[in-house]
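If you check TrEMBL, you get these features:
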{"type": "DOMAIN", "residues": "54-478", "note": "domain 'Major facilitator superfamily (MFS) profile'"}
{"type": "TRANSMEM", "residues": "52-70", "note": "transmembrane segment"}
{"type": "TRANSMEM", "residues": "90-110", "note": "transmembrane segment"}
{"type": "TRANSMEM", "residues": "122-141", "note": "transmembrane segment"}
{"type": "TRANSMEM", "residues": "147-168", "note": "transmembrane segment"}
{"type": "TRANSMEM", "residues": "180-202", "note": "transmembrane segment"}
{"type": "TRANSMEM", "residues": "208-230", "note": "transmembrane segment"}
{"type": "TRANSMEM", "residues": "293-317", "note": "transmembrane segment"}
{"type": "TRANSMEM", "residues": "329-349", "note": "transmembrane segment"}
{"type": "TRANSMEM", "residues": "356-377", "note": "transmembrane segment"}
{"type": "TRANSMEM", "residues": "383-412", "note": "transmembrane segment"}
{"type": "TRANSMEM", "residues": "424-447", "note": "transmembrane segment"}
{"type": "TRANSMEM", "residues": "453-470", "note": "transmembrane segment"}
Amino acid sequence: MWGLQRETSSMYKRTSSRDYSPMLDVEDSSGVLENEVNSELETTNPSWKCSLPHVLVATISSFLFGYHLGVVNEPLESISSDLGFRGDTLAEGLVVSVCLGGAFIGSLFSGGVADGLGRRRAFQLCALPMILGAFVSGVSNSLAVMLLGRFLVGTGMGLGPPVAALYVTEVSPAFVRGTYGSFIQIATCLGLMAALFIGIPVHNIPGWWRVCFWLSMIPAAVLALGMFLCAESPQWLFKQGKIAEAEAEFERLLGGSHVKTAMSELHKLDLDRTDEPDVVSISELLYGRHSRVVFIGSTLFALQQLSGINAVFYFSSTVFKSAGVPSDLGNIFVGVSNLLGSVIAMVLMDKVGRKLLLLWSFIGMAVAMALQVGATSSYLPHFSALCLSVGGTLVFVLTFALGAGPVPGLLLPEIFPSRIRAKAMAFCMSVHWVINFFVGLLFLRLLEQLGPRLLYSMFSTFCLMAVMFVKRNVIETKGKTLQEIEISLLAKP
């Protein structure tokens, strides 16, 4: 249970850290034979069962992320009525969007927290403001208190996703890392759907919106306590010089026969980085030797948001209402499409690879936006236009969840070298939140001034730009260990 078991018949002998360095040792014939046997064992894939429980606990943070994104959508009318700001669209918008400000702050500090305290403690620190913020929101009796609670929750939301991406990438065996990375997106979808279903009684039960906030404290507490039982990232332990602890965690996550290979790869990378400083600065991320991969990561997150995904989510209720579909049912359709695409991505991630999924996803999103543009044509019958509009919305969400949603959060920790991984993820997630904020802020205004046809054409163009960017810049990481990916990138000029 929980990967704590040790392999009693392990065929290697635990050695000191220097024995893992890539040097030729002089051994007797029996030692050579033993190494050959170990080499054969290490070519097989480690058991996925060892790391699965740790990944599942980590994805609770993604569930909470999705839950808090959607928790105020259905109860917002009741909240505004009970707290005395009903009809004030600015105040209602602040309740929804103040989380984005907190998330931006949280994402800025996520790299320093993950590198300074470790991945497990970063998860626990992420859970604390979510618990406190949910409690404050639930007991609030004024707009100011509600905004304080939502801001606290937002800081946890900003801290959680980059740490989850780091942790899942670092503890997963290479052959299932894509599948496990897809769990993050699936957990986010489940969180959104849970918020939708839990919010259904809000119109019939007075004060039910308070329960909606309080219920989220349960998974947050499970995350904080569960991390006491989970493995720490071996890469982080190695960076801290805790070699023996890194070996022990590799054994929990991969099994005893794979520890020697994993540690050898870490030591080889450490030798390649002897001339690099320990502290990672913003200037190094922007102008240093790894600035290209940081640029790729930031651009991927920017194109993800500029594709129009949040605009589609914001506008989907209006689309379904115009087609005569109740908003609740429309939200369910969107949630199911999102979940279905995420499940398909999970199945395909380690089979077809990250790059191909990204290409298919952005192409599908461009086509879906073209359907939305076609739906605005005055030459189409009303019913046909509605079918195109509803179909385009669902196809867009489905294809987004197929690649553009889950892949960037998995791919970036894979291509970032371990020394800069946490700081680089924090920087890229900050870009994500900034563009997310401005898309949400400007969408309705642009819709009024430009009209849906031109606006959706712009989104489709961004999707096609993303296809060209991915084809030219993104490398395939399927089936490679993090150390193999880093070595291959370091070998490039």
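Keep in mind that glycine also has a Cβ here, set from the backbone N, Cα and C atoms.
Within the chain carrying the transmembrane segment (52-70), a Cβ under 8 angstroms from the stretch's Cβ atoms is held by residues 1-3, 99, 123, 126-127, 130, 134, 153-154, 156-157, 160-161, 163-164, 167-168, 171-172, 180, 183-192, 194-196, 199, 216, 219-220, 222-223, 226-227, 229-231, 253, all 6 or more beyond its ends. Sequence-distant contacts of the transmembrane segment (208-230) (same chain, at least 6 residues past either end, Cβ-Cβ under 8 Å): 2, 53-54, 57-58, 60-61, 63-64, 67-68, 71, 75, 78-79, 82, 120-121, 123-124, 126-128, 130-131, 134-135, 137-139, 149, 156, 195, 198-199, 201-202. Beyond the transmembrane segment (329-349), the same-chain residues lying 6 or more positions past its ends with a Cβ under 8 Å from any Cβ of the stretch are 73, 178-179, 181-183, 185-186, 189-190, 192-193, 196, 313, 316-317, 319-321, 357, 393-394, 397-403, 405-407, 410, 478.
Per-stretch counts of Cβ pairs under 8 Å to the transmembrane segment (122-141) identify 147-168 as the leading one among 147-168, 383-412, 424-447, 453-470. Scored on C-beta pairs under 8 angstroms, the neighbour of the transmembrane segment (180-202) with the top count among 90-110, 147-168, 383-412, 453-470 is 383-412.
Outside the transmembrane segment (453-470), and at least 6 residues removed from its termini, the chain residues within Cβ reach (under 8 Å) are 299-300, 303-304, 306-308, 311, 355, 358-359, 362-363, 365-366, 369-370, 372-373, 376, 404, 446-447.
Of the candidate ranges 293-317, 383-412, 424-447, 424-447 has the most C-beta pairs within less than 8 angstroms of the transmembrane segment (90-110). Here the transmembrane segment (383-412) has long-range neighbours at 161, 164-165, 168-169, 177-178, 181-182, 184-185, 189, 297, 300-301, 304, 307-309, 312-313, 316, 319-320, 322-323, 325, 333-334, 337-342, 344-346, 349, 354, 357-365, 367-372, 374-377, 424-425, 428, 466, 474, 477, meaning same-chain residues at least 6 beyond its ends whose C-beta is under 8 angstroms from one of its own.
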